[in-house]
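J.: Below is the structure I would like to discuss, written out as structure tokens.
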Amino acid sequence: MKLILNKEGAVEFYIPDPQTYRSIYSAPVFYNPSMEKNRTLSVLLLKTYGSGLTVCEPLSGTGIRGIRYAIESNAVGRLILNDISKEAVELIKKNLELNGVEGEVYNEDANVLLHKLRNTCDVVDIDPFGSPAPFLHAAFRALRDEGLICVTATDTAVLVGRYPRKCFRRYNSVIRRTPFYIELGLRNLVGYVARVAASEDFSIQPVFSYWENHYFRTCALATRGAREADDSLNNLGYIWYLKKRRKIVQTLDEHSSGPLWIGPLGDPLVVHKMSQYGVYSVFLQTLEMEYSIQAPWYFRLPEFAVDGKSPTLEKTLELLRRGGIYATRTHMSYDGFKAEANYDEIARILSI
């Protein structure tokens, strides 16, 4: 395997030479440079969470995520890296040595390792290629009470309902077509994590959830206890949509999507702390504002167009605030906004 030296954040590390392989997917060890933002944001989150943490990344690839955690967050006490590929394991060891980082490296099936680590991890980060569904039960079993579960899903087309049968088979949910389909996909993922957590007697409290062009990501505090798990399930429901109107309902019909997480997607205080490090601050400030709005959907400007024309997003937000409606832009759509109001209230103000 031909290697080159790469740099991400504060870490130098070896990766398979991209000039040697047709794509990152054909390389013997997987490294996705487009996930750098994901890893950087995860480092910021860990900085706010604690210190001396036992962190497990069961799908490590080159090991860059775990190594960045160890070097940049100052929060890691024990680092556990794993990959089912022997070539990946050798590369992980090489990268740990290059950076002077101590870590335990395993060559196991991810689920097997997570079962062996039962109740020992403060942080479990599931970052697969594709769906995280096959790993979540074992991830919760490895987690300690009040641990942090982090989950990435790159099967976004499935989560937003583009492939209905696969969505139902994989996530046991039904997603209808709506203008706010990105938020439905994100809430679909968080809802699935919550249901798996409850089956393992955990509740979840999302602290940081978002969408990027090719993936969904959620990180949540997990609290052990049957009663807590039952309470967590109260945050599940269905979102009904018809002719621009939206509402939360408790049953599935031809106009509703779910089951979905209808509670908060994140903690504004946590994201505010993350934004203080000066990295991706504008993005994090947008999330902070979004998390403060309870409505589990967003609106898009074309929904309020008259004769094919609608005001700019900035003007729309200004008009709504003047009308006494709390509203903010969303990171999930370039022409979208979230508001503590229904469609008719917004349309009335914009038509004045």
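Cβ coordinates come from backbone N, Cα and C, glycine included.
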J.: Of Arg39, Arg141, which does Swiss-Prot put in the S-adenosyl-L-methionine site with Arg65, Asp83, Asp109, Ala110?
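T.: S-adenosyl-L-methionine site check in Swiss-Prot: besides Arg65, Asp83, Asp109, Ala110, the record includes Arg39 out of Arg39, Arg141.
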J.: Based on Cβ atoms within 10 Å, give me the single least packed residue among the binding-site residues Asp83, Asp109.
T.: Asp109
J.: Work through the binding-site residues one by one (Arg39, Arg65) and point out the residue whose CB has the fewest other CB atoms within 10 angstroms.
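T.: Comparing Cβ neighbour counts within 10 Å for the binding-site residues Arg39, Arg65 gives Arg39.
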J.: For the domain 'Trm1 methyltransferase' (4-350), would you mind checking the mean pLDDT of the predicted model?
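T.: Average per-residue pLDDT within the domain 'Trm1 methyltransferase' (4-350): 97.
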